[in-house]
Amino acid sequence: MSRLSLFFVLFLTIVPNVHSVPANRFSVGFEVDNLVARGREKAVKSASCTACQVLVSGLRFLIEQDAPEEVLLDFFSKTCNTLEVEQPHVCDALPHTFGKEAFYVIEHGIFTPAEICGALITDCGDFENPLFSNWTIPIPSNKPPVKPWPVPTQPKSTLRVLHLSDIHIDREYAVGSEADCGEDTYFNLYALCCRNYPPTKEAKEKIRMPAGRWGSVAKCDIPYEFFENTMKQISAKEKNLDYILITGDMQAHNAWDYTREKTQTNIANVTATLLQYFPNIPIYQAVGNHEGVPQDAFAPHSLPVYEEQGPGWMYDTLAENWGNWLPTTTQSQIHYRGSYSFKPFPDLKMISINTMYCSTWNFYLYLNQTDPDDTLAWLIDELVASEKIGEKVHIISHIPAGDPYCLKGWASNFYDIVNRFENTIAGQFYGHTHNDQFEVYYENSDPNGRPTHYNWISPSVTTYDYIQPSYRIYTIDGNYPGSSWTVLDAETYSTNVTDASIKNIEPVWTLEYNTRQAFGMPDLSPASWNDLIKRFEADDALFLKYVRYFSRNDYSLPCNADCKKKFICDLKVAKSYDDAHFCT
């Protein structure tokens, strides 16, 4: 639907009703049904696009008319319900969770509804897509001569490091509830299954797929019992862990129902469980987008509403809980921007970066995307300081810069920072995608040029969606003078929650694969990862092995030539929205 057509739909629907209720011109007697009928006629193939533009346009119209907040909330809810975007209890809750953020951005933003929706939905926008906004920050040009990637053959000492990501604990997980809860609505959507939801008009009498005790390979997050059992099993098996990385997302996917209190309680409970099972092991964390309330909503300090709507409460919560493992010098950093740096070893700096300032769903960024809270400028300062004294750096974060969830401008600057400090950065560790994957960086952004770095993207502990739980353990060269602090090898473990639930036994965790052995890699240098991509192109069997590890489900997905091309393209793109450049 064109912007002009949508305008007339909204005009014909909203304006007559505004004038037909003189006693209260903001009464939501809007004929949303009529709006939907017209929208469906012209945009059957892009229903979600229409829904988004209807919602944003309607809200903007009401905001321009100085409608009170309760009217905005009512319109938000009614549009969601009438378009059957979600089940009624979700539609009724969404406005109260996301309303303040949405209203503020729509009121103060310069982007049109088509541009906003184009940023969120594929093929639903104008050429002025806010996702493609470019900006630059100064990066020191005095790059030292490039050193070959170190490949220790006989390291004097190694560390064993556990990486957990995207845990997503659902405290309302209900054993025996419907795991296949998608309904036959216009959008056929459902936010999160395996819960005891209110009855719906489409509800079937018989449960199609009962939620298992230990989790379900469906659109479900994990029950707390599974998380606790996993921590118990890892702690019993892994007696020699040196430290643990957790790269964000503790909350379940019920984003419509987030509250600050629930999030704070969940983080405190996870912290208590970690302390119980790993009492003497340091744990270093990064914040995820699902820690936000609303989800992804991290307003920078530059906004006038920071005190009321900003993430200061979240940063305070993280500082308190992460303080169990971090030095006090990190507290002020976490309280300000949710990022921190410190030295866990004499010649290694750990930098945790808050990548919510690159999230496409952090709507506050549509008002100003340029380096929110000077996060990248801070990162550069940290890397310059490390470069001067020859120490190595590990970066831990949630959203990898190559993922389209990350805004193009932020990702482009981050990519250049990594290349500038390739001698200093020894490892990068991410999550967010829930998949088992990697991304390679190239000198001068030339995909045919020299590979400079790569991202570890850890598979998720959650089953959301349609995947088996997983975690990873790295062997890292380190803790002796002259350590490279590079990853020498990695082991990825998984379990079958379906099998465990059916047999009524505890989940059995097994080694899924060893990275170097599975892919025949001589080492884990950027050059070796780039060579692996080339071998994927030539060897279908090797490529399909990667796809199986990537998806971790109970069935094999077909992957034709176009599918394979997309997979391989993603491995080459470590900065978002640049596929055309890296994959021609």
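Every residue, even glycine, has its Cβ placed from backbone N, Cα and C.
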With Asn289, His398, His432 listed by TrEMBL as binding Zn(2+) 2, identify the candidate in Asp242, Asp249, Asp465, Asp477 belonging to that site.
Asp249
Candidate from His394, His434, His453 that TrEMBL assigns to the same Zn(2+) 1 site as Asp166, His168, Asp249:
His434
Recorded disulfide counterpart of Cys194 (TrEMBL; options Cys181, Cys220):
Cys220
Cysteine paired with Cys569, where TrEMBL records a disulfide bond, from Cys406, Cys559, Cys583:
Cys583
From Cys80, Cys91, Cys117, partner that TrEMBL gives for the disulfide involving Cys52:
Cys117
Do you know which of Cys193, Cys406 TrEMBL records in a disulfide with Cys358?
Cys406
Hey, of the disulfide-bonded residues listed (Cys80, Cys583), which one tops the CB count within 10 A?
Cys80
Just checking, which of Cys124, Cys220, Cys406, Cys569 (disulfide-bonded residues) has the fewest C-beta atoms within 10 Å of its C-beta?
Cys569
Should Cys406 (disulfide bond) be counted as helix, strand, or coil on the basis of DSSP?
strand
Whole-number answer please: how many Å between the C-alpha atoms of Cys194 (disulfide bond) and His168 (Zn(2+) 1 binding site)?
13
Distance from Asp249 (Zn(2+) 1 binding site) back to Cys80 (disulfide bond), taken between C-alpha atoms, in Å:
26
